[in-house]
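Residues or ranges marked as ATP binding site by TrEMBL: G10, A11, G12, K13, G14, T15, R127, S199. If you look up TrEMBL, you'll see T31, R36, D57, L58, V59, G85, F86, P87, R88, Q92, R160, R171 marked as AMP binding site. The annotation Zn(2+) binding site is assigned in TrEMBL to C130, C133, C150, C153. Summarising the annotation, TrEMBL assigns domain 'Adenylate kinase active site lid' to 127-162. Residues or ranges marked as region 'NMP' in TrEMBL: 30-59. Per TrEMBL, region 'LID' is recorded for 126-163.
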Amino acid sequence: MNLILLGPPGAGKGTQSVLLEKRFNIPQISTGDMLRAAVKASTPMGLAAKAYMDAGDLVPDSVVVGIVHERLQEPDCADGFILDGFPRTVPQADALNESLTQLTKGLDAVVSLQVNVSVLVERLTGRRTCKNCGKGFHLKFDPPAQDGSCSACSGELTQRDDDHEETIRRRMDTYHQQTAPLEDYYRRAGILLTVDGMSGIEDVQQEILAGLQAR
Ligand code: AP5
Ligand code: ZN
């Protein structure tokens, strides 16, 4: 199954992708995670991307289109993939279509998670990530171990650099201006699956699975 997870910052794209990855045994491809790894490793791409990410802006299309095209050719994508956070602009969506045609692949569905702005802000300000294994948590909705460490590996938790109120606001604006038009783009292509992302993590997962099955 070849899927895209679409939605504003904090909608639950990463959370739901990880669950889908386990269920279908296909990889989650998160451009945000790939870019953060590049920043951490101070690669040329990471150095170029950091200022855009810190500001809550999108990194240039030319940077992300290339890394996704390469990633889709890896053997673990043979049976499917879950794109999380890509595409984010119409030119990225057009480039993805070209890549998929070239690789003789297609898209089965674009899952669009719908969540109110006030809930998004609460989710982002409470998000924490394990420094060691990368597992995601929420202080209130998906809490870590009682001592505040990662429940999987006891690693220390950290807050993302861009999860501060001013940057969150900018990321929301960027989403509405540049990414939201993709809902119409994929609705016209007949593959948009709109899902209410307001309920709990497991309920949202069940709604996605039901929606995929009904297609
Ligand atoms: P990216 O990492 O993709 O960030 P984002 O799109 O802003 O999305 P988030 O990761 O913040 O949210 P999410 O929807 O995954 O929510 P999550 O599941 O974590 O991108 C970061 C930056 O990289 C961009 O700003 C840009 O600069 C750059 N970039 C990345 N891709 C790019 C591209 N294609 N082109 C150009 N630039 C790009 O959930 C959030 C929190 O809520 C968690 O704590 C979670 O536990 C909790 N939660 C989730 N679901 C629920 C639920 N149902 N109920 C209660 N709590 C929940
Ligand atoms: Zn951990």
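Cβ atoms are placed via backbone N, Cα and C, with glycine included.
Heads up, TrEMBL stuff is auto-annotated, nobody curated it.
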Close-lying binding-site residues around ligand 1 among G14, F86, C150, where CB distance stays under 6 Å: G14, F86
Mean predicted confidence [pLDDT] for the domain 'Adenylate kinase active site lid' (127-162): 96
Listed in sequence order, residues with CB under 8 A of A11 (ATP binding site) and six or more positions away: L113, Q114, V115, L120, G197
Least buried by Cβ count (within 10 Å) of the binding-site residues R88, R127, R160: R160
Neighbourhood of ligand 2 - binding-site residues from D57, C150, R160, S199 with Cβ under 6 Å: C150
Residue from T15, R127, S199 whose C-alpha is spatially nearest that of D57 (AMP binding site), among the binding-site residues: R127
Secondary structure content of the region 'LID' (126-163), with strand meaning DSSP E or B: 0 helix, 10 strand, 28 coil
Euclidean distance between Cα atoms of R88 (AMP binding site) and G10 (ATP binding site), Å: 15
Neighbours of R160 (AMP binding site) among the binding-site residues G12, K13, R127 (Cα to Cα, within 10 Å): R127
Same chain, 6+ residues apart, C-beta under 8 Å of the C-beta of T15 (ATP binding site), given in sequence order: G136, D142, I201
Fewest-neighbour residue among binding-site residues, criterion Cβ within 10 Å, set T31, S199: S199
Length of the line joining the Cα atoms of C150 (Zn(2+) binding site) and G12 (ATP binding site), in Å: 19
